[in-house]
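Q: Can you keep this structure in mind? I'll have questions shortly.
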C-alpha cells in the first residue's frame, strides 16, 4: 500500500508540473514554423510494397525539423533536372526480384543510364544521401540501391552521408539499420548545412503542419468554405452533439447503426487499375485443415498479355463494424458522413521545390463523395500493426488534463522511443495488435479528423502471384476477355496475448468475404521472373512449396503453350525434362492442383516430386530434403543440361535451405567440384539469369 501511495503521489506531482507548463508549450507550438525558402530537400523513393515510401516519409520528418522545405515523391515522378534544384536530395529505394528496381523507379533508372549523361558533370551540383531496403535471403542483396548510389557518384553528385542499408532478415527488420543511419544523417546535415545563428532545429515535440489537410464542407457556410476545427493536444473543436468521453475500448455506444458484416461492393477508383469480375472464390484445402487457402477465378473484359511471375494487386477494404468502432472511438459520429475537401496547407512553394503531391493522388475521386467513412473504409489502414512513427505522431494530440491522460502520454513516449524497440515489439508486433486496438488503450486521445490522412497509414495494395498461364489465360467463353487465377492463403494467425478477438490479414480477410459475380478493382504488374520462349531449349527446375506453386503453375502452362506454338517439342513430351518440386503438409490437406500434376505427367512428361512435412506414417520432408534425395536427377538437369532454377514461396529459411541443398548436390555429384566450385557455379547461374527467386 505504501508503494501504491508513493506512486500516486509521484503521478500527482508530475501532473501538477505538466499543467504549469501546458499553456506555455501550447503557445509555442501554435507559432508558425518558419522554413528558409531556399533551404529545400527532395526525398525520392522507389517502393514495391510501401516500405521504402514509409522510410522516405520518416526521413522527411527529420529534414523538416532541420528546417528544410521538404517534398516527398516517387522516383519516376521527377526528371533529372529536378535533382539539381533542391539543396539536398535523399534517395530511398528497395531491391526487388533479381536485383531490380521497383516499378515506380524503373523509368528514373533508365534515364540515369542514358549515354548522353557526362560522368562527373551532369549531377555535379547535387548533394545527396541514400538508404536501401533489401533482403539478404536474395543473392542480389540491396543491389539496386548500390547501383543507384554508384551511378549518382559517377555522374558527379556529392555524398553528404554514408549510404545506409536495411535488411529484412534482421530480427528487427530494416528498422534496425534505418535507426542508426538516420541519426548519422541528422548529424551530417547539421554539419554540411548549418542553420543560421540563433536558429535551432524544430523540437521533436513541436507539431509539424502537414502539407495537406481535410476539412468538412458545411452547407451553412459559404460555397467553398470549410470547417477548420483542429487543435493540438486532443482539444478538438467538436460540435456540441459529439460527446468527448473516454471509452474502455471493449464496448461501444448502443446507438451504433447496424450494418452488413462484409465491406461495400463499390469499386475503389484506383488510377490505371482494372475492373475484374470474380467468378469463383473456392477453398482448395481440406475442410478440417487449419489453413484456409482460396483459388480465385477472375475475368477482366479486355485483352491483357501477361507471363509467369506477373502479379495482381488487390486493394482491400476495412469492414463496417471496424470503421464504426473507429468513428466512435474518435468521437466522429456527427461528421463521419459529412462531405470533405482535401486542401494544401501552404499557398505557395519555393521555386526550387516540387509541389507536394496529394496523399490521394492515386485515386480518381472526381465522381466519388469524400467522407470520413469513405476514407476509413477504402483508404485509411486502421487494421494494420502500428509503427513507431505512428505513436510519435499521436504524441502531438495527447493531452495532459488529468492523471489518466498524463499516464497515457508517458506510455506513448515509451512506444515512440527508438531506443525502446523491444517495448514496441512486445506491444504491437508480438501480439499482432492493430491500430484500432492500440487506440482503445489511449482513451483520452482524439485525432482531429483534419489530420486523419497524415496521422494514420494508408491502405496499400497487396500483390499476389498469378497462378494461370498459357491456355489458362484465355477463358473458353467470352472473346476478348482475360482470365486470372490467384492462389491465396487466408491469414488468420493466433495471438498468444489478444485472445478475445481473432487476428486477420487486412487483405485476405477481405478476400475471404468476396462473393461470386462481385466486381473488384485490381492492378496488374509484369513481375520479375522475365521468362521467354527461348528458355524452352533447356529444362527447368521449379521449386514452389505452399502457395509458392502459383507462379510455377503459370510457368508450366506457359511453357506448354509455347512448345505447342513453336513446335519445338513433340506432343506428349512438351514438358519432358522439366521438374517441379512441391512441398505442403500432407497429401490430403493441402496438395494444390494434384489432379493437374498427374494429368500433365501422364500426358506431357512433367515430373513432380513432393515433400510432405506432416504426412501420417511418414517422416517429415521439406523441398530441400527432396532435392538432396534426387541429387543425381537435379545435377543432370542443372549442370549437364544447363537448366534453369526458379524458387518461389515464403521468404526466410526456405530459399536459404534450397540454395544449401543445391550446393550439397553439386558437391556430391560433381566430381572434383568441391564447395568453393559449387558456390562459384551457383553464383554464375545467378549472374547469368539461370537462377531466379521470387519470395514474399
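The count begins at 1 with the first shown residue.
Even glycines carry a Cβ here, placed using N, Cα and C.
Quick paste from TrEMBL:
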- 47, 48, 49, 50, 51, 52, 94, 95, 96, 97, 168: FMN binding site (BINDING)
- 271-533: domain 'FAD-binding FR-type' (DOMAIN)
- 342-361: region 'Disordered' (REGION)
- 343-353: compositional bias 'Low complexity' (COMPBIAS)
- 462, 463, 464, 465, 505, 506, 507, 508, 696: FAD binding site (BINDING)
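What's the neighbourhood like for each of these?
A: Around the Cβ of residue 96 (FMN binding site), the number of neighbouring Cβ atoms within 10 Å comes to 25.
Over the domain 'FAD-binding FR-type' (271-533), the average per-residue pLDDT in this prediction is 91.
Note on residue 507 (FAD binding site): other Cβ atoms within 10 Å of its Cβ, all shown chains, come to 23.
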Q: If you measure C-alpha to C-alpha, which of 464, 505, 507 (binding-site residues) come within 10 angstroms of residue 49 (FMN binding site)?
A: none
Q: Can you give me the Cα-Cα distance between residue 51 (FMN binding site) and residue 462 (FAD binding site) in Å, rounded to a whole number?
A: 12
Q: Can you give me the same-chain residues 6 or more apart in sequence from residue 696 (FAD binding site) with a CB-CB distance under 8 Å?
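A: Same-chain residues close to residue 696 (FAD binding site) (Cβ under 8 Å, separated by 6 or more) are 463, 649, 650, 651.
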Q: Would you say which of the binding-site residues 47, 49, 51, 94 has the most Cβ atoms within 10 Å of its own Cβ?
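A: Output for this query is 94.
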Q: At the Cα level, what's the spacing in Å between residue 96 (FMN binding site) and residue 464 (FAD binding site), rounded?
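A: A Cα-Cα distance of 15 Å.
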